[in-house]
Amino acid sequence: MQEIESLHQSVLLQEVLQAFAPLEEGVLIDCTLGLGGHSKAILSQKPHLKLIGIDKDKFAQEIAKERLKAFEGRYNLLSGGFAKRFKEALEMHDKEIKGVLVDLGVSSLQLDDDSRGFNFHSHALDMRMDLESDLNAQKVINSYPVVALEKIFKDYGEIKEYKKIAHKIAERRAKKPFKDAKDLSDFLSSLSKNKKIHPATLVFQAVRIEVNSELEELKEFLQCARNLKEAILCVISFHSLEDALVKNAFKDYAKNCICDPSSFKCTCSNNHALGEILTKKPITPSPEEIKNNRRSRSAKMRVFQFKP
């Protein structure tokens, strides 16, 4: 456990604590509990706050449970996708919910575990957050039709040469299926000489998003979060696709006028805002945090305060 404490660094921890500083009591939902770093820090600072922690990775949840032992009786941990579980928690607790945290990053535990297939040197081709899920990266890479690969590389990886890469993968797998993440990473490296970013980065991102339905889950969550009252919502994203969804959702929440944009005159009374955006620009890690934890460098945090 001491090893986990030293290796796992919660991204933007002080900024998250500051975002939830106004909370004194009620329920905070950590939609992506992971190893429990953010939750542990929040519970330590807020003795009257209770926690609902959600994660689809049962192994990570066991570690989080051990780390939260000192707060026995103040938390409840749920397994499953965060959009579905959040909706259930909202229906059950409603006005008790005062804070919601979503950290969309892959945990260090998952990234560093070679059996999970998230890193370029992994001797597995998996990428599942939920190990009980049927779809994994090997099925996507070795079985998806070329047109489906093109779509996920274009939509989820924003890869310019999405057609070329999809066809090259199809040609190679016809001769010899990809056996693990390292095999795929090495193959992708042979196709590109890009020095700024590892050639496999965007393909791995696209496949991981597909395997875990990450963007669909985020969309579902953001739609459900509209029903929050007098709560602080804090979302940490790690790539432009996630951040765009969060940014646009927050803008939508803050709209006073809900008339058709083509209308010449407002007829809706112009008072429909669900609250206010507390971060006009996303909060990003300090140079010091990036130096201590390179994986934090792409993090962006946005915060919204819902009205009563």
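Cβ from N, Cα, C; glycine included.
Cross-referencing D55, D134 against the S-adenosyl-L-methionine binding annotation in Swiss-Prot, which names G36, G37, H38, F86, D103, Q110, picks out D55. In terms of local Cβ density within 10 Å, G36 ranks first among the binding-site residues G36, Q110. Overall, the recorded S-adenosyl-L-methionine-binding residues G36, G37, H38, D55, F86, D103, Q110 cover a maximum inter-Cα distance of 23 Å.
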